[in-house]
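Look at TrEMBL and you will find ASP244 tagged as active site, nucleophile. Residues or ranges marked as active site, proton donor in TrEMBL: GLU279. The substrate binding site annotation in TrEMBL covers 242-247, 304-308, 370-375. Marked as domain 'Glycosyl hydrolase family 13 catalytic' by TrEMBL: 72-438. Marked as site 'Transition state stabilizer' by TrEMBL: ASP371.
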Amino acid sequence: MSGFSVWAPYAGQVEIEIGGKRYRMRPGRAPGWWRAEVPEARHGTDYVFRLDGGEPLPDPRSPWQPHGVHGPSRFVDHSAFPWTDRGWTGRPLPGGVVYELHIGTFTPEGTFDAAIGRLDHLVDLGVTHVEVMPVNAFPGRHGWGYDGVGLWAVHDPYGGPDGFKRFVDACHGRGLAVILDVVYNHLGPGGNYLARFGPYFTDRGHTPWGPAVNLEGSDEVRRFVVENALYWLREYHVDGLRLDAVHALVDTRRLLEELAVQVEALATAQNRPLTLIAESDPSDPRLVTPREAGGYGLHAQWNDDFHHALRSLLTGERHGYHGDCEPLPALAKALTGGHDASTFRARRHGRPVDTRTTPAHRFVCYLQNHDQVGNRAAGDRLSATLRPEPLKIGAALLLTAPFTPMLFMGEEWAASTPWQYFTDHPEPELAQAVREGRRAESAGWDPTAVPDPQDERTFQRSKLDWREKDRDEHAAVLRWYRRLIALRRRYPQLADPWLDRVHVVYDEENRWLVVSRGRLRVAVNLSPEPRKIPLDAIPVGVCAVSVPGFVFDRWGIRLAPESVAVVETLG
C-alpha cells in the first residue's frame, strides 16, 4: 500500500487514477492538501490526478515521467535502490576543480550509463566535482534542461531515476562529488500543469523566460522549492546544487537564506559537506557573505567578470559585455578583487568584495561554460577562434587563480564541436516561437549562421567527439590541463583563497603580465614577439611552460611568443 498526496487548493474534489480505476482523495490536515491510500500501488505504478472530474494530469511532485511531461506519473520507491556509497563522506568545494557537463551531449548515447563510462577520464584529468546541467523532466527528448516542468522527475531519455542514481553512485565510487543544476526562477512553457493545481505563479513579477514563481505569495510554493532542493540531496545523494539565475527569483523574503539554513541542517545530519552555488548577474557578494554578517550564507557563486576579462584579453573581442573593459586592467582587478565592478551599459554592476573576509574559493570562475558557449549565435567554443597557444594561456590563468575553477566539458582537449542551443518542443506553435526567439536574441548576426534549435542536427552537432582527445594538438592541450591541475594540487599556494595575497603587474604596451601566488609567478607573454618579463624574485625553476624556448636569469624570464610559464622563485 502506498500513500499519495497533492496540494490542489483550487479543486473541490480530487481523484487519483491507477490502471483505469479512480480513488477519491480526502482533504488532508493542511489547507489545500489531499490524501489517499492505494493498496495496489507500488514501485513502478503509473498514476494521474483528476481535479473536479477533469482531464488526467501528472503529479506536480512526480518522481518519474516515463511517457513524457504530458503523460502519467510513475511511483518510485527510493528505498529500493542498491546504493554502494555508504562510506562516502563528501568533498568540500574549497580546493576543488569543477567540471560542467550536459548528459545529453557528453557522450554519443546521451545517457547516465554512457556518462559513467567516461568518469575515469575525469579522474585522470584531476577534477573533484562534476556539475551536471539540469536533469529534471522537460519536453521532448533533448534540450538544455532549463525548460523543465517536472522538477521532481529525472528526464527519462537520460535513464530515469535509477540511471541518475547509478551515475551519482559511480561518481562517489571514484571520489567525485556531484553538483546538480536546478532551476527555481521559472518553469518551461510546454507541459507545465502547475497552475491548474494552485497559485504556483504570480503576475507581480516576470522573468525573461515566463511568469515568476510565486515565492512571496504562497508558503506552500516556497515549501515546494525548498523541499525539492532537499529531495535531490537526500534521495539522489548529490553533494550540492547550482541555483540558476537567482537574480530572477521574485522574492523579498530571502528564500536563499531559508534554503541555506535547511541545507546546512541536512549536511549536519548526514555528516557530509553540502554545497549551494548561485548564478547571479549582479555579482553581489552578499550571496556568499555569512548570515551573521548580513549575507545569505551560500557557499559560492559564479563569477562572470573573470570570464569576460579573460576572453576579451585572449580574443580581442570588444563588443557586448566585453566592450566596457580594458582587458589587462580588468583581469588584474578580477584576480585581486573578485570582480572588476563592471560599468557595462552605463551603470555599475556588482558590489565590492571584502578581500579580508571573503575567501576567493566562494567564486566559481571559468574560461568557458554552457552559457558563454551556447548563448553565442553559432555556439562556437574558444577553440574555434583561438590557436592552442592562447588557449593554454587562458587555462593557466584560470587554473592558477585563487578562485574555484570550473571547466566546460571538452574544454580540456580544445574540443572542436560546437555547443549550440537545441530544443525538442513537440507543439508546432511553441517550436516556432522558440525559433523566432532565438533569432531575435542573435540580432546582428547573419541569420543563416544561427542554427535552428528544433533541428535534430543542431543537437547532434553539439555532442562531444571523444576521438579528438587522442589527436596531436588536442592531446597536447589535454596534457597541459592535466599538468596545471596537478600543479594546483602540488602547490597549496595556487589554491590559497585570500585575494589580498594575490599581486598582479602588467605592461599593456608590451602585452605581458605576472601573477604572484606565494613563491610562484605566473608569467604570461601575450605578444606575437618574444618578451623579457621582469620578476620580483629570483627564479629557481619552471614548473610548467606552454611553449619551449624560455630563458631566465636572476631578474626575469624570456618567453616565446604567446606563451605562459609557472615559475618557482626564492620568495
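Heads up, residue numbers simply count up from 1 along the chain you see.
Note: Cβ is positioned from N, Cα and C throughout, glycine not excepted.
Bear in mind that TrEMBL entries carry predicted annotations, made automatically and left uncurated.
When Cβ atoms from all protein chains are considered, those within 10 Å of ASP371 (substrate binding site) total 18, not counting its own. All protein chains included, the residue listed as 'active site, proton donor' registers 22 other Cβ atoms within 10 Å of its own Cβ. Of all Cβ atoms in the protein chains displayed, 23 besides its own lie within 10 Å of the Cβ of HIS307 (substrate binding site). Of all the recorded positions listed here (ARG242, ASP244, GLY374), it is GLY374 whose C-beta has the fewest other C-beta atoms within 10 angstroms. Straight-line distance linking the Cα atoms of the residue listed as 'active site, proton donor' and ALA245 (substrate binding site), rounded to a whole number, equals 5 Å. Straight-line distance linking the Cα atoms of GLY374 (substrate binding site) and the residue listed as 'active site, nucleophile', rounded to a whole number, equals 15 Å. Counting Cβ atoms from all protein chains shown, ALA245 (substrate binding site) has 20 others lying within 10 Å of its own Cβ.
The two recorded residues, ASP371 (substrate binding site) and ASP244 (active site, nucleophile), have Cα atoms 11 Å apart.
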